[in-house]
Amino acid sequence: MLTVDDVLEQVGEFGWFQKQTFLILCLLSAAFAPIYVGIVFLAFTPDHRCRSPGVAELSRRCGWSLAEELNYTVPGPGPESQCLRYEVDWNQSTLGCLDPLASLATNGSPLPLGPCEQGWVYDTPGSSIVTEFNLVCDDSWKVDLFQSCVNLGFFLGSLGVGYIADRFGRKVCLLATTLTCASLGVLTAVAPDYTSLLIFRLLQGLVSKGSWTAGYTLITEFVGLGYRRTVAILYQMAFTVGLVLLSGLAYILPHWRWLQLAVSLPIFLLLFRFWFVPESPRWLLSQKRNTEAIKIMDHIAQKNGKLPPADLKMLSLEEDVTEKLSPSFIDLFRTPNLRKYTFILMYLWFTSSVVYQGLIMHVGATGGNLYLDFLYSALVEFPAGFIILVTIDRFGRRYPLATSNLAAGLACFLMIFIPHDLPWLNIMVACVGRMGITIVFQMVCLVNAELFPTFIRNLGMMVCSSLCDLGGVLTPFLVFRLMEVWQGSPLILFAALGLVAGGMTLLLPETKGVTLPETIEDAENLQRKAKPKENKIYLQVQTSELNTQAAERDASQGTAQQK
């Protein structure tokens, strides 16, 4: 029986059509990077001190350098220098230029300190939401809330957007979420106050991850089996390209509103090209829209300069006797193997997020060059993608994924015992952990897409990856609260999560060389060592034997297994 993969073998598994579509969708993947980690530049916190009226004039009159001004007018080092000020009238004429506060101190008692009632002075040539809305000192938690809103949006949007993609199609989801994401990005850039900023970021989080995931699912369903893993990994590496470009763009545009506009407006241009990207033929077949699927397969053949199979058009004339498959959350937990896949993938996504972001927070707390530090951390992800491309065909998915989890967990465990006077060793081990968890992040997307049947593939991706977003919401609190107990406490948590994830990965089936499952039965059979042609996505109808088995099963259970 003819399958989608059989047709692609004849018309081109990765021809001109797939290459063109892949490059377009990679632009979407790169555009998602500023939404996910743009907080680094949008909300950076520069050195700051209380604004005290009269200090600037006194400094000019006395000819002080910046270091002298800070020494004379700002309280000692630590939080006091950023959140408190001397309660002194700096405009009084009796103040001298040499130790001006000496004459005000009586009996050697310290001068009274007060809050920053006049705002703050920030040592930066640019701006961020921190400097514009004064999100420092008692209001510093609002920066964490700003980032949590994005991750909360990812989490909430995972469920609804995933259902839309499986119910109404990948293309409809892609167009709707991309348009909404771009519009909300522009609204964020012109937000008049902090409250509206939170609302726009939350709403953008609701749709932006769905847009990225719809593109990921679409491109993996367009290509043949031999190229599926390659395009999946390269699609994620396009995200890393977005990280690199973001660091350069942020350096050129140090003002957050201009930077936000610069990363949002180009998304509108992608919409014009997305309009000409066809719907996934695999999804159309799962919805029993065979005629449309065959037209798209014929279009792919024409674009690739190949002739479609001679029996392709005959398939649309055969009677469609199968039942239309509609996505349901229950399907993710309906059968034993699918239930196991869902829970394990949820844990893997959660672990990936906590360890990935946690390592950045724990190691990246050193005050270096913001742009270079971000660039170096992004470049580490390119070797991770290369390692996947080299190993995934030789060793499959399961063992590299398990090994990467174990490597990340072991690296975090070793960092606990590295002395503080060996920072270079700490950075090297941390890079190994970062590379390992990056490999996990990239591979779990591929494995997630390969384990679920077509009609719930996008839903399965969104539901499982929603745990990644939940981890993103919790990670700042986990890291900083545990560091208050002991600086190495977060590393113990990261090590435990990574090592357990490595063991749980071995419970998943190997999907190397196995075609994408169409039905729940196909997904259940992945656990068995099936022949290469056993699990296929059919262009026409399922065999009468499967229909008979399904009818007998439905009759015995009293309910339909699938809508």
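Every residue gets a Cβ built from N, Cα and C, even glycine.
According to Swiss-Prot, the feature N-linked glycosylation site maps to Asn71, an assignment based on sequence analysis. There are 12 other Cβ atoms within 10 Å of the Cβ belonging to Asn71 (N-linked glycosylation site).
In the three-state DSSP scheme, Ser328 (phosphoserine) is classed as coil. Per Swiss-Prot, the feature phosphoserine maps to Ser328; the stated evidence is similarity to another entry.
The motif 'Proline-rich sequence' feature in Swiss-Prot is assigned to 278-282. Non-local neighbours of the motif 'Proline-rich sequence' (278-282) in the same chain are 4, 169-171, 217-218, 221-222, 292-294, 296-297, 299, 454, 516, 518, 537; each lies 6+ residues outside the stretch with a CB under 8 Å from one of its CB atoms.
With helix defined as DSSP H, G or I and strand as E or B, the topological domain 'Cytoplasmic' (1-21) counts 14 helix, 1 strand, 6 coil. What Swiss-Prot records for 1-21 (among others) is topological domain 'Cytoplasmic', and it gives sequence analysis as the kind of evidence.
Taken from Swiss-Prot, the feature topological domain 'Extracellular' applies to 43-144 (among others).
The topological domain 'Cytoplasmic' annotation in Swiss-Prot covers 166-171 (among others). Packing against the topological domain 'Cytoplasmic' (166-171) from elsewhere in the chain are residues 214, 217-218, 221, 274, 277-280, 283-284, 326-327, 455-459: each is 6 or more residues past its ends and has a CB under 8 Å from a CB in it.
Away from its own ends, the topological domain 'Extracellular' (193-196) comes close to residues 129, 133, 135, 142 of its chain (Cβ-Cβ under 8 Å, at least six residues beyond either end). If you look up Swiss-Prot, you'll see 193-196 (among others) marked as topological domain 'Extracellular'.
Per Swiss-Prot, the feature topological domain 'Cytoplasmic' maps to 220-232 (among others); the stated evidence is sequence analysis. On the 0 to 100 pLDDT scale, the topological domain 'Cytoplasmic' (220-232) averages 83 in this prediction.
Residues or ranges marked as topological domain 'Extracellular' in Swiss-Prot (evidence: sequence analysis): 254-257 (among others). Remote same-chain residues near the topological domain 'Extracellular' (254-257) are listed as 41-43, 124-129, 132, 189-190 (criterion: CB distance under 8 Å, separation of at least six residues from the stretch ends).
The topological domain 'Cytoplasmic' annotation in Swiss-Prot covers 279-342 (among others) and is backed by sequence analysis.
Annotated topological domain 'Extracellular' per Swiss-Prot: 364-371 (among others), in sequence order.
Annotation comment: Swiss-Prot describes 393-398 (among others) as topological domain 'Cytoplasmic'.
Under the heading topological domain 'Extracellular', Swiss-Prot lists 419-423 (among others).
Residues or ranges marked as topological domain 'Cytoplasmic' by Swiss-Prot on the basis of sequence analysis: 447-459 (among others). DSSP assignment over the topological domain 'Cytoplasmic' (447-459) gives 11 helix, 0 strand, 2 coil.
Here Swiss-Prot flags 509-563 (among others) as topological domain 'Cytoplasmic'.
Marked as transmembrane segment by Swiss-Prot: 22-42 (among others).
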Inter-residue C-alpha distance, Asn71 (N-linked glycosylation site) and Ser328 (phosphoserine) (nearest angstrom): 65
Two-stretch contact, the transmembrane segment (372-392) and the transmembrane segment (488-508), at least three Cβ pairs under 8 Å: no
For Asn71 (N-linked glycosylation site), the three-state class that DSSP assigns: helix
Result, the transmembrane segment (197-219) in contact with the transmembrane segment (22-42) (3+ CB pairs under 8 Å): yes
Other CB atoms within 10 A, centred on Ser328 (phosphoserine): 17
